[in-house]
Amino acid sequence: MFFLWLYMFYSCAGSCAGLAARGSPAPPRLAPPLPPAPGEAGEENSLEEQRAAPDGAGPISSFFNGSGTKRLPQAIIIGVKKGGTRALLEFLRVHPDVRAVGAEPHFFDRNYERGLAWYRDLMPRTLEGQITMEKTPSYFVTKEAPARISSMSKGTKLIVVVRDPVTRAISDYTQTLSKKPDIPTFESLTFKNRTTGLIDTSWSAIQIGIYAKHLENWLLYFPIGQILFVSGERLISDPAGELGRVQDFLGLKRIITDKHFYFNKTKGFPCLKKAEGSSKPHCLGKTKGRTHPDIDQEVVQRLRDFYRPFNMKFYQMTGQDFGWD
C-alpha cells in the first residue's frame, strides 16, 4: 500500500501541473512560518543550520524522519562528574515520556557560541507530553553555565547527582590514570605541601567536590526548589527509590520501578533488565565500575577533614543529609 501511495502521489504531480497550466484556480497561499521556539526570539539561523534542521520538511520527508518536534531541553542533568550521571540518564531513558541525547552536548560550557538553533538540532524529536533532556556533568562547575541556562529558560529543571567527594575524587583520578598511566600518584596531587597538609584545591579532582561553593553560583539564577539533588550512593543501593524521586520532580508517572533493575555483583552496581529500545539486559560499559587504586588512608582522612565543613554547608543548603561523614 505504501508504494502504491507513492506512485499515486508522483503521478498526480504531473497531472496537477497540467491542470494549473490550463487555468485552474491558483492554490491558496501558505500561512507564514511559525515563530521561533520560546527562548529564541530574534535569533537568526545560519544557512548551515537551516539546511541541517529537518523540522520544516514536507510530508514525505516527515514520514521518513519520524513524527515529533525538536525542542530545547526542559530538564538538564548538570553534574557532577563521576557522580553517577550516566547511570541516571540510562535509567531515565527507559521511561516512555523521556527523550534524551545520548552524547554530552557541552553546549553551555564549550559550544555556546554555536547558538540555540544548533543546540536544539542536537535534541531528539518529542511528542506532546514528552520531556527533552540532556546531561553534561561539567556544567555544575562552569561559572557561566547558570546564567546561560537561565537565559534559555528560567523554568529549566536541573538535576545534580552528588557523591561522597572523597570517593568521587579517587574515581576521577582512576579514570585519568586509565588514560595516562604515567601521571603522578593521587597522594602527590592532593597536596600543595604534604608536610603542612595543605590541600591543592586547584586540582580539578578536589575542586569539583566542593559542592557548596558551586551551588552558590547556581542559586543566583535558580531557586533551590528547581534543582533536584540525587544521591550517587542511593542510586546504587536503591535505584528505584531515587528514580521515583526524579520522576516526581519531572512531573512523570512512576513507571520505572524495582522490576526494571537487577544487581550485578561483578560490577558492583545495578543494571537494567531491559534497556531503551532493547529486550536484553544492559549494564553500563567497561569504563564504569573501575577498581580504585589503594590510597594512603592518612591522605583519605585528611581529605575527609578538608571536605567536612563544605559538606555540612551543602547539607544545610539542600536540606538533605547525604551521610558522607
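Using the three backbone atoms N, Cα and C, a Cβ is placed for every residue, glycine included.
TrEMBL: automatically predicted annotations, no manual curation.
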(message) If I go by TrEMBL, the feature region 'Disordered' sits on one of 28-53, 132-157. Which?
(response) 28-53
(message) Taking the Cα of CYS283 (disulfide bond) as the centre, which of the binding-site residues listed as LYS82, GLY84, ARG86 lie within 10 Å of it?
(response) none
(request) Sorry to bug you, but what's the C-alpha spacing from CYS271 (disulfide bond) to GLY84 (3'-phosphoadenylyl sulfate binding site), rounded to the closest Å? (result) 13
(message) Counting only residues 6+ away in sequence within the same chain, which have a CB under 8 Å from the CB of LYS82 (3'-phosphoadenylyl sulfate binding site)?
(response) PRO137, ARG163, ARG168, SER171, ASP172, GLN175
(request) Please give the average pLDDT for the domain 'Sulfotransferase' (73-308) in this predicted model. (result) 93
(message) Using a 10 Å radius around its CB, how many other CB atoms surround GLY84 (3'-phosphoadenylyl sulfate binding site)?
(response) 28
